[in-house]
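Going by Swiss-Prot, these are the annotated features:
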MOD_RES   LYS152  N6-acetyllysine
BINDING   LYS152, GLU236, HIS271  ATP binding site
DOMAIN    156-353  domain 'ATP-grasp'
MOD_RES   LYS241  N6-acetyllysine
MOD_RES   LYS297  N6-acetyllysine
MOD_RES   LYS319  N6-acetyllysine
MOD_RES   LYS434  N6-acetyllysine
MOD_RES   LYS442  N6-succinyllysine
BINDING   ASP572, LYS741, HIS771, HIS773  Mn(2+) binding site
MOD_RES   LYS589  N6-acetyllysine
MOD_RES   LYS661  N6-acetyllysine
MOD_RES   LYS717  N6-acetyllysine
MOD_RES   LYS741  N6-carboxylysine
MOD_RES   LYS748  N6-acetyllysine
MOD_RES   THR1003  phosphothreonine
DOMAIN    1109-1178  domain 'Biotinyl-binding'
Amino acid sequence: MLKFRTVHGGLRLLGIRRTSTAPAASPNVRRLEYKPIKKVMVANRGEIAIRVFRACTELGIRTVAIYSEQDTGQMHRQKADEAYLIGRGLAPVQAYLHIPDIIKVAKENNVDAVHPGYGFLSERADFAQACQDAGVRFIGPSPEVVRKMGDKVEARAIAIAAGVPVVPGTDAPITSLHEAHEFSNTYGFPIIFKAAYGGGGRGMRVVHSYEELEENYTRAYSEALAAFGNGALFVEKFIEKPRHIEVQILGDQYGNILHLYERDCSIQRRHQKVVEIAPAAHLDPQLRTRLTSDSVKLAKQVGYENAGTVEFLVDRHGKHYFIEVNSRLQVEHTVTEEITDVDLVHAQIHVAEGRSLPDLGLRQENIRINGCAIQCRVTTEDPARSFQPDTGRIEVFRSGEGMGIRLDNASAFQGAVISPHYDSLLVKVIAHGKDHPTAATKMSRALAEFRVRGVKTNIAFLQNVLNNQQFLAGTVDTQFIDENPELFQLRPAQNRAQKLLHYLGHVMVNGPTTPIPVKASPSPTDPVVPAVPIGPPPAGFRDILLREGPEGFARAVRNHPGLLLMDTTFRDAHQSLLATRVRTHDLKKIAPYVAHNFSKLFSMENWGGATFDVAMRFLYECPWRRLQELRELIPNIPFQMLLRGANAVGYTNYPDNVVFKFCEVAKENGMDVFRVFDSLNYLPNMLLGMEAAGSAGGVVEAAISYTGDVADPSRTKYSLQYYMGLAEELVRAGTHILCIKDMAGLLKPTACTMLVSSLRDRFPDLPLHIHTHDTSGAGVAAMLACAQAGADVVDVAADSMSGMTSQPSMGALVACTRGTPLDTEVPMERVFDYSEYWEGARGLYAAFDCTATMKSGNSDVYENEIPGGQYTNLHFQAHSMGLGSKFKEVKKAYVEANQMLGDLIKVTPSSKIVGDLAQFMVQNGLSRAEAEAQAEELSFPRSVVEFLQGYIGVPHGGFPEPFRSKVLKDLPRVEGRPGASLPPLDLQALEKELVDRHGEEVTPEDVLSAAMYPDVFAHFKDFTATFGPLDSLNTRLFLQGPKIAEEFEVELERGKTLHIKALAVSDLNRAGQRQVFFELNGQLRSILVKDTQAMKEMHFHPKALKDVKGQIGAPMPGKVIDIKVVAGAKVAKGQPLCVLSAMKMETVVTSPMEGTVRKVHVTKDMTLEGDDLILEIE
């Protein structure tokens, strides 16, 4: 049995094969001594270093890596057998340009040969010479050839001598801006600056006019100096809309030169290649022959050896121009390898060992094109921000693989840190197929499989390129990206799982994201969802509405023999008891049960009112999505919303077109019945809302807000005659249904009988709907009295969500009417199950439950007339401020405030105005008499002042005088309907503004949310962009996050469920962050979460606030290399302010406005993160 010695760190056994299988020298060629290479150092980093290491390992060659201090954690140093630090104390790029250190490492570690990779020193003749002088082989051309080809001006002269056509340009590097001016005068614009000692797009700048000349010259020089250690430039005529075709060549030390056909590198931005294709599609065979023969001719002219690339521009007429020779391996060498089956790195190494191309079996006649290959460079750049590099920690990395896919990468793994110091390349994806469309399909599929989280990438942009018809046809040129702006219509990645982990981590570190009024944890048990039968739910009143329209629906309601119920559990009940905090997640769970078991309901109140803004403000949910999802789950029961007349679902007046559009879109999303009211019963506001709802095709239910007591002869302001007169106006305006909206629960049975019977007698064919609250405890009796007096519909809530400030009990009404002519036909057993679910669900909202401070309703509501939801809120506020014992004083002040304002109808927003004034009086220790007497000197709440100005309408009986005049003094007064004087809102302009801020995925619903609540909507969008679809989390997780070791599932959508386990939270790091560890679908995930409390005690550079005009933030992470202005300087729009450098690319930050620099927050050489504040302009 053969025994082999242990191999340490490399596959040296393969060396046996290498030495024993070397072919014999050709008898016709003078042989050089064959010197096997045993140890290779790659003087580079990243994926190209790994590419060479892999080739060496396959050949049994030991590998050596070098790395800078900034690259300590990079993968390339781990892929080598040995790795050594270079450039200690040097800048990141300079470390890889420090020839003495690199040579020292090579000599000290017995390196036979150095592979330069690409970039850095790969085209530096002095480096090739230094290797040669040190007795280390340079895997590339000779130093002299590197010098000639690296000097693009000399290369150009050689091309001319070889008879290869060239673009008009300077004969030598220019040394001044004056020379650039002279060239422009001779050849005209456009021209292009190019770095004389490197490529890759650095140091390249196209200039279209004299005005651009100086800035672009300066930037090109600076970039070339930073990237290649030499800022020399040459200038040439810029050929517009050419194809960029390059030919791969390979030579040996015996004068043999061959080509491996061409690559099309036309898809570029900033002269840097993005997608490369081999072979070039639809290339004329004669042009291909000219390109390849000229490339070989040029290589022979200089005695080229090893791998290289000859680059050409091909104009629209098929004429080609030599650009340059890259005397190194190219980034895109991979596509050539795929179509020719030639390993170029193997060939490079063998040539450096002294082997000839024929020895390697490489003869021109044997090189054939096999199919097509495409390479996409996946980078950490943001196409939406002009491809600005992004930096940070990769939280998730999952690549696309499979048949026909090759990946060349380096530090593309979870936990890798992308720094601003080097190139933004993350991974090269190479697809190979039988033809161009097949390769494009494979590439598109592979990119779709990628998941990169934590840093932005250009994947969405690449996918757009691959789906572009011009690209698929193969007819692209270097203007392809510029001429196809639709490539930048990027479909954002959903990234839902990672965003949810960020949210859960944030809550685990910082606590709840929504204000918690009471320290009470959610119930540990989930509510029990009753079983639901399979199949569609039974027909309900919505089927009649869809079939017969609003008029037919109203007739069916009026002709129904028994009492109909509207369930408020999905809106007003939880607004009254749970601070409007019930989430869509819990509504959706019980929704199918409601659809199947409560089809006899008149409607469900589930939208509008306070739920609209609270959904966005505190629950981070889209109210429109709630409507859409509930509509899908409950197709048979009409939905009802609360529309505040001209206020829609807001607290102020909006232009008429906003209200009309809102109703239109609400109807399109599934809303059926619009209960239109006005907080002052101000008829013009109500008529506008009714018209908007009616024109949208909805059922119009005009609601008269009730206050006072029609059965009390002493209460004359809001008498029976007042309500009957108002009802006449609303019926005349065409309401389909008439509603009495008793917000405080003031309707007593006697008053119910008087009011409802009078309305029934006057409007025998009109459906009557009564809404109340049970604050006094008389709600069930009142609703029974209404039903007996002729009401068609009364409001109820699930038993466990009824009573107190909510609606009367559903079960009580069902039981009391059972077996009578008013029978609701609702099964009691279903009511019990429904109530049981809500009893469990209510426990999840313990922190918001009114019973934390309020143990019962109170009949004093007949005196203070506080609406149900507001009663709960005021009670909460009083207790939270330690004034629980003084709640009686708050209620007394409420009564006085109401009288000061003229005895208002109290419902949002008028109830809030009364409440604000009451709290103002309590906080300042004012009685009514004192407040009225000092009215001219006091600074009343804004809501009170605006009410007195007339901004929400005119109250019944007019404004209180002289109180109004004392408060307003010289302030303007609104005459008539407030919204009538408002100009129409430009909804299209608003949509564009939202798209500019939030991206293309802006919907008509978003536009209306922003129109109603601009600040709330903006925060909601920013929050969910960071933390994802939070309505998919259960309520316990949403409020308090998971416990360590807790396992749970999150259903993102049907068929997509995440299995998550919380593992650990780390200690605080120096950046004020904690690392939170999870297991997601069996894989470890970790995220960094800022500890907001700890960060208050730490100093960080301020961020630019997007909403503050004049605050200029860093568009990308990077280093400040130049500051163009000082504090006090006048700046024009577009004027350069400073220059940032990141990933060897410089970005000029320009002024977005004209103004004066107020303060500069950065200094030269300062390193910035994205959005760090640079300066302020005023």
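Cβ coordinates come from backbone N, Cα and C, glycine included.
Sequence features, as recorded in Swiss-Prot, placed on the structure.
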{"residue": "LYS152", "record": "N6-acetyllysine", "Cβ contacts under 8 Å, 6 or more apart": "LYS194, ALA196, PHE234, GLU324"}
{"residue": "LYS241", "record": "N6-acetyllysine", "Cβ contacts under 8 Å, 6 or more apart": "ASP315, ARG316, ASP477, THR478, GLN479"}
{"residue": "LYS434", "record": "N6-acetyllysine", "Cβ contacts under 8 Å, 6 or more apart": "GLY371, CYS372"}
{"residue": "ASP572", "record": "Mn(2+) binding site", "Cβ contacts under 8 Å, 6 or more apart": "GLU605, GLY609, LEU642, HIS771, ASP795, ALA797, SER806, GLN807, GLY868, GLY869"}
{"residue": "LYS661", "record": "N6-acetyllysine", "Cβ contacts under 8 Å, 6 or more apart": "LEU987, PRO1004, LEU1008"}
{"residue": "LYS717", "record": "N6-acetyllysine", "Cβ contacts under 8 Å, 6 or more apart": "GLY708, ASP903, HIS956, GLY957"}
{"residue": "LYS741", "record": "Mn(2+) binding site", "Cβ contacts under 8 Å, 6 or more apart": "ARG675, PHE677, ALA703, ILE704, SER705, TYR706, HIS771, VAL907"}
{"residue": "LYS748", "record": "N6-acetyllysine", "Cβ contacts under 8 Å, 6 or more apart": "ASP709, ALA711, ALA778, ALA782, TYR862"}
{"residue": "HIS773", "record": "Mn(2+) binding site", "Cβ contacts under 8 Å, 6 or more apart": "SER576, ASP742, MET743, ALA744, GLY745, GLY779, THR805, SER806, GLN807, PRO867, GLY868"}
{"residue": "THR1003", "record": "phosphothreonine", "Cβ contacts under 8 Å, 6 or more apart": "TRP624"}
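Checked against HIS271 (ATP binding site), the modified residues LYS297, LYS319, LYS442, LYS589 differ in C-alpha distance, with LYS319 being the nearest. LYS741 (Mn(2+) binding site) falls within a strand segment according to DSSP. Under a cutoff of 8 A between CB atoms, and with a sequence separation of 6+ in the same chain, the neighbours of LYS589 (N6-acetyllysine) are PRO527, VAL529, TYR837.
Listed in chain order, the extra residues whose Cβ falls within 8 Å of the Cβ center of the ATP site residues LYS152, GLU236, HIS271 are GLY169, ILE192, PHE193, LYS194, ALA195, MET204, PHE234, ILE323, GLU324. In terms of DSSP helix, strand and coil, the domain 'Biotinyl-binding' (1109-1178) has 0 helix, 38 strand, 32 coil. Mean pLDDT for the domain 'ATP-grasp' (156-353) in the predicted structure: 92.
Cα separation, LYS442 (N6-succinyllysine) to LYS319 (N6-acetyllysine), rounded: 32 Å. Proximity of LYS297 (N6-acetyllysine) to non-local residues of its own chain (separation of 6 or more, Cβ distance below 8 Å) is seen for ALA162, GLY163, VAL164, given in sequence order. The separation of LYS319 (N6-acetyllysine) from GLU236 (ATP binding site), Cα to Cα, is 17 Å. Mapped onto three states, the DSSP output places LYS434 (N6-acetyllysine) in coil. Apart from ASP572, LYS741, HIS771, HIS773, the Mn(2+) site neighbourhood in this chain, defined by C-beta within 8 angstroms of the site C-beta centre, holds THR568, ASP742, MET743, THR772, ASP795, GLN807, GLY868. When the recorded positions HIS271, LYS442, HIS771 are compared by the number of other CB atoms within 10 angstroms of each CB, HIS271 has the fewest. Reduced to three states, the DSSP call for HIS773 (Mn(2+) binding site) is coil. According to DSSP, LYS717 (N6-acetyllysine) sits in a coil region rather than a helix or strand. Each of the recorded positions GLU236, LYS319 was scored by other CB atoms within 10 A of its CB, and the lowest score goes to LYS319. Following the DSSP three-state reduction, the secondary structure of HIS271 (ATP binding site) is coil. Following the DSSP three-state reduction, the secondary structure of GLU236 (ATP binding site) is strand.
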